[in-house]
């Protein structure tokens, strides 16, 4: 338990350090390495703490997320999008293993899907040849977040993490295709690191229920 806590602290500290450097120094050679260290630490934490199929699926989701980080840092948008999409599919596989429907759980799930649909419509005139991969990605991440609310768990830490993931990627989409977002790099990484940390922390915490 103590080592788990320290690992989480180190992951959060590494993420904060990267954001400080990125927003003061700017881009530098091999900056994708410190960028992905927090996610690798979270992946290791989940992999070593939750030793069942769900744990492996969530760890793979984190791993493919780090792959997306590397691809985007190197300027490869579609490969990065694809890596994140695969990661979300692993998350979906994990969430659906503990499915529980209720109206109260369905309301936020439907809200996430509705917002994702509106975002797709709003961005559609600017997407051009990237329309299909972007639509596919929005659909998958929206499903991932919606399904996180339909799990047989009462904690909201993990579902809130998935919503932050949607927000992070929405900022990326708006900044890339529509209007430059002030301090976009900071807001993207802040919501992204918070999302992955809450997904990992929430998932691990649920194992003690």
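Glycine residues also receive a Cβ, built from the backbone N, Cα and C atoms like all the rest.
Note that TrEMBL annotation is computational and uncurated.
Residues 4, 7-8, 10-12, 14-15, 17-18, 21-22, 56, 58-59, 62-63, 65-66, 69-70, 73-74, 189, 193, 196-197, 200, 203-204, 207 of the same chain lie 6+ residues outside the transmembrane segment (32-50) yet bring a C-beta within less than 8 angstroms of a C-beta in it. Taken from TrEMBL, the feature transmembrane segment applies to 32-50 (among others).
The transmembrane segment annotation in TrEMBL covers 70-94 (among others).
TrEMBL lists 106-124 (among others) with the feature transmembrane segment.
Sequence-distant contacts of the transmembrane segment (130-149) (same chain, six or more residues past either end, CB-CB distance under 8 Å): 77-78, 81-82, 84-85, 88-89, 91-92, 95-96, 99, 105-106, 108-110, 112-113, 115-117, 119-120, 123-124, 158-159, 161-163, 165-166, 169, 173, 177. If you look up TrEMBL, you'll see 130-149 (among others) marked as transmembrane segment.
TrEMBL lists 156-174 (among others) with the feature transmembrane segment.
Among the features that TrEMBL reports, transmembrane segment is placed at 186-204 (among others).
Remote same-chain partners of the transmembrane segment (106-124), defined as residues 6 or more beyond its termini with a Cβ less than 8 Å from a stretch Cβ, comprise 131, 134-135, 138-139, 141-143, 145-147, 149-150, 159, 163, 166, 170, 173-174, 177-178.
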